[in-house]
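Since the structure comes first, as structure tokens, the remarks are kept for the end.
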């Protein structure tokens, strides 16, 4: 067998070292270095063509091989033309005529190293772009953050170090946590494609914010992960909510028109049919009330975009002046609430509702108000017969009525919601409402 021919035709550079010089090199080794065979055999020591910084590594490997070990290494060498090339291969113990020698096989990996270098530059560039981007970005693997950029950390209020220690799904608001976690698991398993959706997050300070993201599946170190960028849409959601509230408000105004005004006009019509001197004052009173309602509605339309602070006690005292036949007990702290003139309709409807349905010979109304953090709590109760527990939850529904009772309470609820407040019944006997208003 022609061993020399076989070695010369090898794709790898083959060489044998005896002492400190080359004893044999194949054609690939010769062509790679650019030196002739004569020049190569005259190179003493053999590592003279190695890149200077890699010579200590080569010397260490040679000592190990001469001690009987096999060594793998990646080093650089300099061609005859002065070009620096990368080689990767092994050195192993060998014998030539009973003398210790080293057999080596090397492959030129310069192109690979250049590709790796460019890849690292590209990776570094893209990482820098993501790191410094104003768009929050993250990667989750094995239910842990393995990467977050500065913008993401700023959005959620945690430092990067803190984020790497916490469960990513604890940042998701409880309303959406199950949904976000389920989609994450589906995406990790490959069941879900990349898609866009929104959810609420809770920042470190406890603030609730809305984000929209487009998570996608990726593979990092042979394991699936989910990466995404997200956009904070809190302000957009606030605007959308404002539009929804305005729409509800316009609908509410229409309902008030149909309900209160038509009721009052029906009463006026009844009085007119029975008109005599005794009914004159009642007719005038009803007409005046209807005119006041029309004026309030006009003011509501004008003032919708200008919620302002109103002293609650002064406003309630103004409203109750129109109810001479009712005993009022007020326990109201000196607090301001951010509302508009629609607050008058709230209390008028509650008082009118009590007059119609309490069943008390002499109506007594107690109104208590106090501040609690950034809210004002208002409790409204009367001395009437109360309501059945069974209808408690339905009283505020649109269209629910017990002899006209429900519509007024629906209006009350909608006005309070338009302020960012709420109302509930906390006791059926005596009937007691609890309202929350923004302070």
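Including glycine, each Cβ sits where the backbone N, Cα and C put it.
Residues or ranges marked as domain 'PAS' in TrEMBL: 24-69, 122-191. Per TrEMBL, the feature domain 'PAC' maps to 195-245. The domain 'Histidine kinase' annotation in TrEMBL covers 256-439.
Over the domain 'PAS' (122-191), the average per-residue pLDDT in this prediction is 89.
The helix, strand and coil residue counts that DSSP assigns across the domain 'PAC' (195-245) are 12 helix, 27 strand, 12 coil. Here the domain 'PAS' (122-191) has, by DSSP, the following mix of helix, strand and coil residues: 41 helix, 11 strand, 18 coil. In the domain 'PAS' (24-69), helix, strand and coil residues by DSSP number 31 helix, 3 strand, 12 coil.
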